[in-house]
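Participant: Attaching a single structure in structure tokens format; questions to follow.
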Amino acid sequence: MTALVHTRAELQPFLDGFANGKRGVVMTMGALHEGHLELFKQARHDCDLVVATIFVNPLQFGPNEDFDRYPRTLDDDLKLCAEAGVDVVYAPAVEEVYPGGQPIVKVTPGPMGETLEGAFRPGFFTGVLTIVNKLLNLTDPDKAFFGQKDAQQLALVRRMVLDLNMPVEIIGVPTVRDEDGLAKSSRNRYLSSEERATALTLSRALFAGQEKATEGADAVRDAANAVLERTTATGELTVDYLALVDPRDFSEVPPAFTGQAVLAVAARAGTTRLIDNLPLTLTPHGAR
Ligand code: AMP
């Protein structure tokens, strides 16, 4: 049985009940799918108490983004949480999370939050880090679980916890995909069947790039771009960026780079903006 609470006061007895156990939190915006389920499973495996938060955070949406139309499916979400063994869902009101109204003090990500997603969504990572900080304060977990699907977010959360000496362990969970490769996302439900077919280009480009990891950074970028270009040429897909970055700071890697990298893409199919990424290891290679 999963409990549903809306206030910090209602959540407190659950936290008190596991004061000496491991407490885990999974933060979500709802419209839950198998990707979220994987985070819940990992939390269930690692922790004695599993708290899921459901909160569509206004601070991380830009003025022309999809805050109003973001899917809100609380009844279905609760069923999925129950199946996954979540103990308690905390779905606070905006007034509880932002008691002073629009916050004056926020967490700023610095340069690592200004590339890729940060460049296309100004203020996005300030909104994300501020809400993650707030929800960590409100739920007080030992461990917090985040998806690799949002790789830049995961890296910034890790960096925030390190830089601000926050007493929580951050656990990254691999991306869950549909059988054909499309990364699960709450926004996939916006897609028509034609747009979904177009959206598959993102993961196909990433896998094509990954296959060239032994041939160096330029070969990876070329292979991924070649796949994207076929769909952008028809106007069905608009690519915001394709980038091969160093996961430590999300800067583009140079041609001779070896080691762990992240191949990341963001694109729009119709009015739906999707992101995806793959971790890969660039190995030493001969001159091209
Ligand atoms: P969201 O509800 O989209 O804010 O996502 C909540 C959490 O679920 C974030 O940590 C995401 O990275 C993670 N997540 C979203 N989609 C996936 C996926 N396909 N696989 C794994 N984790 C995911």
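Keep in mind that glycine also has a Cβ here, set from the backbone N, Cα and C atoms.
TrEMBL does not curate its annotations; it predicts them automatically.
As annotated in TrEMBL:
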BINDING   29-36, 147-150, Val176, 184-187  ATP binding site
ACT_SITE  His36  active site, proton donor
BINDING   Gln60, Gln153  (R)-pantoate binding site
BINDING   Gln60  beta-alanine binding site
Participant: If you run the three-state DSSP split on Gln153 ((R)-pantoate binding site), which class comes out?
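Facilitator: In the DSSP reduction, Gln153 ((R)-pantoate binding site) maps to helix.
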Participant: Going along the chain, which residues six or more apart from Leu32 (ATP binding site) have their CB under 8 A from its CB?
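Facilitator: Result: Thr73, Asp76, Asp77, Leu80, Cys81, Ser186.
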Participant: For Gln60 ((R)-pantoate binding site), identify the closest of the binding-site residues Met29, Gly35, Gln148, Val176, judging by Cα separation.
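Facilitator: Nearest listed residue in space: Met29.
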Participant: Using Cα coordinates, what distance in whole Å links Val176 (ATP binding site) and the residue listed as 'active site, proton donor'?
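Facilitator: Rounded to a whole number, the Cα-Cα distance is 9 Å.
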Participant: Tell me which binding-site residues (Met29, Leu32, Gly35, Ser186) have a Cβ under 6 A from ligand 1; sequence order is fine.
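Facilitator: Only Met29, Gly35, Ser186 qualify.
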Participant: Which of the three DSSP states, helix, strand or coil, fits Gln148 (ATP binding site)?
Facilitator: helix
Participant: Which residues does Gly35 (ATP binding site) neighbour through Cβ under 8 Å, counting only same-chain ones at least six apart?
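Facilitator: In sequence order, the residues whose Cβ lies under 8 Å from that of Gly35 (ATP binding site) (at least 6 apart) are Gly147, Lys149, Thr175, Val176, Ala183, Lys184, Ser185.
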Participant: Could you find out if DSSP has Met29 (ATP binding site) as helix, strand or coil?
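Facilitator: For Met29 (ATP binding site) - judged by DSSP and reduced to three states - the answer is coil.
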Participant: Between Gln153 ((R)-pantoate binding site) and Met29 (ATP binding site), how many Å separate their Cα atoms?
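Facilitator: Answer for this pair: 14 Å between alpha carbons.
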